[in-house]
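Student: Here's a structure for you.
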């Protein structure tokens, strides 16, 4: 058998000189050609011969394609390079979000004029959006309905009670799977539909569309996050501006002002977001409240949204009904005695509230001595809260005087960078690390004496020279420190993103980066430096700062607010005095 080069040349009618000339041209052309073009090689080999000769021709052409000379010398190993198409998505298994926004004609039924919530559901699951006009119409029509409802609404059983949602739209879909279709199930939501999660506007639009469609069987109460103060501080306002506009955000705030504050379920249960107030003694006190406003920093409306039961509820060390809520920075803690006193005075069985994350999704507190029923029930419906709590969620179904708790776990959801960060901002640490690394290397090339050299021939004194050298050294150290910060940001990007996700403003704790990996690790571990955030208690401890009422811009209260604050304090003191006299 002839050599591969000879086999290839034998199929050509060209002269020997022409073949040599062609071979030289191939050698010259292949100096810069390092790609393994197998398809072209196979085609050329087939044209060069058939059968075994064709295979030999193919081998010879492949060798020439790698820069070989076409001789019978040993073949060189091919250089393989992967190529990525710039016209196709790299991860094609993830569906691309719909690019077309739904119009009012798509969203609203032409016959009934009501939103098609099934259409919205499927569109939002795919991360689609709707036109601003459609979003505004849903929000405003929902607000019109909410405005007609009483401050404390009356609901008859059967009913399913749900706690905090916090923008976890995909878990809200799971909630309706567990609780039943809104078309056939009566629902009561206890507030906190927005903030912290990254799909808050989808939750609002979907729940409002359900409210418009089923106004007599779906009820929405106000939570402490349904206000301007918290949504500006946390994520909802930013989300509205990114996904829609500030006009949509303003419409949501106006709608939130219309939400009822409480519900009386089956004439037996008071349902509210937070809890009791020292200024609310009877149910009529709730009915008389003016709810159509931004919640104040203190007073009965604030307490209904912000108050909590004592941590040692049912095992208190003193007899006070109300104490200052140091965890929230506003409102009160209420005791077991205060709860039982309120229930007895209003002939109620229990208080059902939300407002606090629970490991199991719910908590039954100490039973009333008169009824034998839990005096207080907390329900929380956001599983794996903030993607770090690892808690279960729950809904409460009450029917035929039987209370049933149904738990559920979190559902997968699309990933957003913390605080809706874009990919360019996210990539800055990678770019910054390289820039500072280059700058440090440039500065390290020169010695201190070279950096001291100036055009001026005036000599510096020893003290001036030493001071100048120290200034230069400090600058190099500062740049080196900045380089370490960027290096930590790049290497520990996942930890940084998780820590940013736990802060409302997206700012990291001071010193978390400059101290290197260990300080970042300690910050991630929160209050337990020997453990990672793997338990519900540790996640709750780390997130406690975000459960407080954020500082207000107008920190100095108005005279009216001062008077209201004094009234609240006096009411709490009177309630505690009454409790002491009863116990005495």
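Cβ coordinates come from backbone N, Cα and C, glycine included.
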Student: With 164, 166 listed by Swiss-Prot as binding Fe cation, identify the candidate in 118, 192 belonging to that site.
Tutor: 192
Student: Looking at Swiss-Prot, 192, 224, 355 are annotated for Zn(2+). Which of 273, 324 sits in that same site?
Tutor: 273
Student: If Swiss-Prot marks one of 61, 112, 371, 453 as phosphothreonine, which residue does it mark?
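Tutor: Checking Swiss-Prot against 61, 112, 371, 453, the phosphothreonine entry points to 61.
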Student: Match it up for me: which of 507-545, 546-584 does Swiss-Prot list as region 'Disordered'?
Tutor: 546-584
Student: Taking only same-chain residues 6+ apart in sequence, whose CB is under 8 Å from that of residue 192 (Fe cation binding site), what do you get?
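Tutor: Residue 192 (Fe cation binding site) has long-range Cβ partners 163, 164, 165, 166, 223, 224, 225, 226, 273, 354, 355.
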Student: What is the set of residues, excluding 192, 224, 273, 355, whose C-beta falls within 8 angstroms of the centroid of the C-beta atoms at the Zn(2+) site?
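Tutor: Those within range, site residues removed, are 164, 190, 191, 223, 225, 274, 305, 306, 354.
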Student: Using a 10 Å radius around its CB, how many other CB atoms surround residue 224 (Zn(2+) binding site)?
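Tutor: Excluding its own Cβ, the number within 10 Å is 26.
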Student: Indicate whether residue 166 (Fe cation binding site) is helix, strand or coil by DSSP.
Tutor: coil
